[in-house]
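Trainee: Just lifted these from Swiss-Prot, have a look:
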- GLY17, PRO18, THR19, ALA20, SER21, GLY22, LYS23, THR24: ATP binding site (BINDING)
- THR19, ALA20, SER21, GLY22, LYS23, THR24: substrate binding site (BINDING)
- 42-45: region 'Interaction with substrate tRNA' (REGION)
- THR108: site 'Interaction with substrate tRNA' (SITE)
- ARG130: site 'Interaction with substrate tRNA' (SITE)
- 166-170: region 'Interaction with substrate tRNA' (REGION)
- 247-252: region 'Interaction with substrate tRNA' (REGION)
- 280-287: region 'Interaction with substrate tRNA' (REGION)
Amino acid sequence: MSDISKASLPKAIFLMGPTASGKTALAIELRKILPVELISVDSALIYKGMDIGTAKPNAEELLAAPHRLLDIRDPSQAYSAADFRRDALAEMADITAAGRIPLLVGGTMLYFKALLEGLSPLPSADPEVRARIEQQAAEQGWESLHRQLQEVDPVAAARIHPNDPQRLSRALEVFFISGKTLTELTQTSGDALPYQVHQFAIAPASRELLHQRIEQRFHQMLASGFEAEVRALFARGDLHTDLPSIRCVGYRQMWSYLEGEISYDEMVYLGVCATRQLAKRQITWLRGWEGVHWLDSEKPEQARDEVLQVVGAIAG
């Protein structure tokens, strides 16, 4: 697309970053100054009743800056990148029609990628094929299925861990249904985002600072009643660790503690480690992201001013 045709598109802002980097605080500050409306881009914040462990904006913050796409699913329900793209595009169109600018804030990089580049035309899930894969896994083990994936799609196999049955079964399912590999199909993007996007990433300047923030926030969550929150989910009886909601960092470790698999101290240690690993993956995504403007979360006023400098011209 030419620069001239891009300039005629409606404007949007992406505010991305690893967990515990101060994205929400900056987004709320920007809403006070710019004509923006916030859309959450977070695969954990979509779930109702999962507030403390996801660091969901509190009532006061939401009053100051309402976020769209929060609390839109029960923890028992799935929500895909395709679901997000559909919902986000609808919200963006609504915001643009009102003469304001969508500000998309969060850390689920797959959602940002799906929104920006479109989605590949992957086949829908087939219960019969999935059942056949699970039967084979029960008989031969997931390691065997991972070797099978290596033979047909070595690129996907290198990316998917043998202990990740959900992604492993999906990669094989796609191949069995379509005759094409997941790698082949995902190289064909769908429709690009029909917006002129200003992209920002916020993170502390050093990894040590981010690690400190993550540890502090995890302990803060525990002090705020995180265990009671997960106990309420645990007591429902219909939730389990195969669900994306319960696999969220922190929740999975607390769940293991409630099931008696690990001690409280192990839960805290593993929860912090899992959150650090998530942050590392998010930063890896962002380092390979084209056209992103980096902000230092340790200098919030400077970060705010840099955003205003880049996008200030679109606020009028």
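Just so it is clear, glycine is given a Cβ too, placed from its N, Cα and C backbone atoms.
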Trainee: Same-chain Cβ contacts of the region 'Interaction with substrate tRNA' (247-252) under 8 Å, 6 or more residues past its ends?
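Mentor: Those are 19, 43-44, 47, 50, 53-54, 218, 221, 226, 230, 233, 241, 271, 274-275, 277-278, in sequence order.
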Trainee: Going by DSSP, how much of the region 'Interaction with substrate tRNA' (42-45) is helix, how much is strand and how much is coil, in residues?
Mentor: 0 helix, 0 strand, 4 coil
Trainee: Return the residue, from the listed binding-site residues THR19, SER21, THR24, with the maximum count of other C-beta atoms within 10 angstroms of its C-beta.
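Mentor: The largest 10 Å Cβ neighbour count belongs to SER21.
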Trainee: Out of GLY17, PRO18, GLY22, which of the binding-site residues is least crowded by other Cβ atoms within 10 Å?
Mentor: GLY22
Trainee: Across all the protein chains here, work out how many other Cβ atoms are within 10 Å of the Cβ of THR108 (site 'Interaction with substrate tRNA').
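Mentor: Its Cβ shell of radius 10 Å holds 20 other Cβ atoms.
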Trainee: With the substrate site defined by THR19, ALA20, SER21, GLY22, LYS23, THR24, which remaining residues of that chain have Cβ atoms positioned within 8 Å of the Cβ centroid?
Mentor: GLY17, PRO18, ALA25, ALA55, GLY107, ILE202, ARG213, SER297
Trainee: Taking the center of the Cβ atoms of GLY17, PRO18, THR19, ALA20, SER21, GLY22, LYS23, THR24 at the recorded ATP site, which other residues in this chain have a Cβ no more than 8 Å from that point?
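Mentor: After dropping the recorded site residues, what remains is GLY107, ILE202, ALA203, SER297.
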Trainee: Please state whether DSSP places THR108 (site 'Interaction with substrate tRNA') in a helix, a strand or coil.
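Mentor: THR108 (site 'Interaction with substrate tRNA') sits in coil per DSSP, no helix or strand.
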Trainee: Drop a 10 Å sphere on every Cβ of the recorded positions LYS23, ARG130 and tell me which sphere holds the fewest other Cβ atoms.
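Mentor: Counting other Cβ atoms within 10 Å of each of the recorded positions LYS23, ARG130, the minimum falls on ARG130.
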Trainee: How would DSSP class THR19 (ATP binding site) in three states?
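Mentor: Looking at the DSSP assignment, THR19 (ATP binding site) belongs to neither helix nor strand, so coil.
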Trainee: In whole Å, how far does the CA atom of THR108 (site 'Interaction with substrate tRNA') lie from that of PRO18 (ATP binding site)?
Mentor: 9
